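What TrEMBL says about this protein:
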COMPBIAS  455-468  compositional bias 'Basic and acidic residues'
COMPBIAS  471-490  compositional bias 'Polar residues'
REGION    438-497  region 'Disordered'
REPEAT    113-144  repeat 'WD'
REPEAT    279-320  repeat 'WD'
Amino acid sequence: MQRQVVILSSNVETNVTAWELGTGTQLSSYKTSSSPRNGVCCLGRDYLVAAQISKDALQFWTWHKDQTVQRSFVAEKPTAVSGSMCGTYLAAGGASGTLYLWEVASGRLLRSWAAHYKGVTCLAFDESGLMLFSGAQDTLACVWLLAELLDVAVDSSDPSYHRPQPLYSWSDHTLPVTSIHVGSGEATAIVATCSLDRTAKIHRLSDGCLLMSVVLPTGLNCVVMDAGEHAMYCGGSDGKVYEVPLVRPQHNNDTSFKASTSTSVNAGASTAPYGFTCMEGHSRAVNALSMSVDGENLVSGSDDGTACVWDLRSRQAVQVIQGSGKHPITGVIVLRLPEHMAAAGSGGAGSFQQGGRQGPKRMQPLAPLSKYPGVSGSLQPWEGPAMIIDGRQPFEGLALQCGLWGAVTDASCSSISGSHRAVGGWSESGWPILEPREWSKRDETSSIATASGIQEDKKSFDASDSKKRQQPSGSTGPSGRVTSNKMSDSGSDEILRLKEELRETQALAKKWKDLHAKLYEVAVKETLE
């Protein structure tokens, strides 16, 4: 069985700790952090990000080091943070209701806009990274299309500029929205939200329709669904975890039903008829919930400083993890054990080798985040961000629909591998499987022609250039003597060569720009459908 790890964080200045789910053994600890509820997330496969309560900053760790690898200061105190699954984008929300969206590889602040009237409380990306979900104290839950947020044609300095409008703005709650969970299925997914008004609601993403509204006995702080979306789990301010079935009786046609009361025992559960199941194991409010990778366990974090591991079949607390220093637990993340975290247990619980452990040879690009928009981050104005072609199925599907997969793979493997070539598709880590090869002149010409489509232009340019060269090598001066033009010819050759390189570069840039536009168009179309 694959090993899993539980990440626990607190709103008090202490270490972020990592525990093995099966044994309850502490594997690692990361110094130091104080993050709010919904203030910790994973960024791609290599980084952990936490918003800081005590300072206007975001902190980054890698799995193989206990010290902060980067600290980026932002315009205001972040209250929620979320990263796209691929690690390309990072979003954060502030107490003013403003949302911030960064490009991780370059550090550029792509967009900041007033999304809510009050402080942002929760953020989430869908599994494709094409939509951003936000909830706030103004009782609204909004859905934002990244295709509109990243539109380069929009100039925020233009007097006619209007702030981005959400795809959906759900106002069904009457008190602050505390948590958002996005199901699988991209455009066909369902979205669960919960609030302090004691309700949990489920909307359909395809048309924004409200599918279900559940009223529970207490205010709710967090919500999560199982992978099959058969049940919804809510963490209450009374220390209980409520399991609500998503399949209701056929005779109940109302979209809202009041959950019946139930009597529970400590660390156990009792059910009410088609209402909810109440699981008790905490003495104070439940702040965070996370489902295990295999779907067999649920992990809850509470203000009482403990994290309970629940077996969903028996609804019993099979393990209790004591957090660092018995401080309140405000963040819980369950994920597969990262490869480079495994060495942490070799020297005992929470121990580290001298000088740090060895990390992955090829890390995901990470640049210091810009504090203000319009700043190029760590790049020069003419540079673009580092890019990883991770070979995910959505990427392959979009490229195949546009008929551009051959050009993408040839150019991508050429730019990534240099003197290597892709030989077996993509590895489990998301990188092309490469092997050395000797590049010939024919390979280089073929690769350039496939990626940019400029071979015909080059031939026509060579033909015109050869006609210009069929001129006498000398010219008659005022005295009637023939003077040598070697110096002028060499200068002309250099100019022609530079012009040729410039034309090839411009054609290549235009081809990739057209490719990006086609992928963008298909992605927006699939999202809206």
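Placement of Cβ uses the backbone N, Cα and C atoms for every residue, glycine included.
What TrEMBL says about a protein is an automatic prediction, not a curated fact.
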Intrachain neighbours beyond the repeat 'WD' (279-320), with Cβ under 8 angstroms and 6 or more residues off its ends: 1-2, 4, 6, 8, 19, 21, 24, 37-38, 221-228, 233-243, 264-269, 326-336
What counts of helix, strand and coil residues does DSSP assign across the repeat 'WD' (113-144)? 0 helix, 18 strand, 14 coil
What DSSP reports for the repeat 'WD' (279-320) is 0 helix, 25 strand, 17 coil
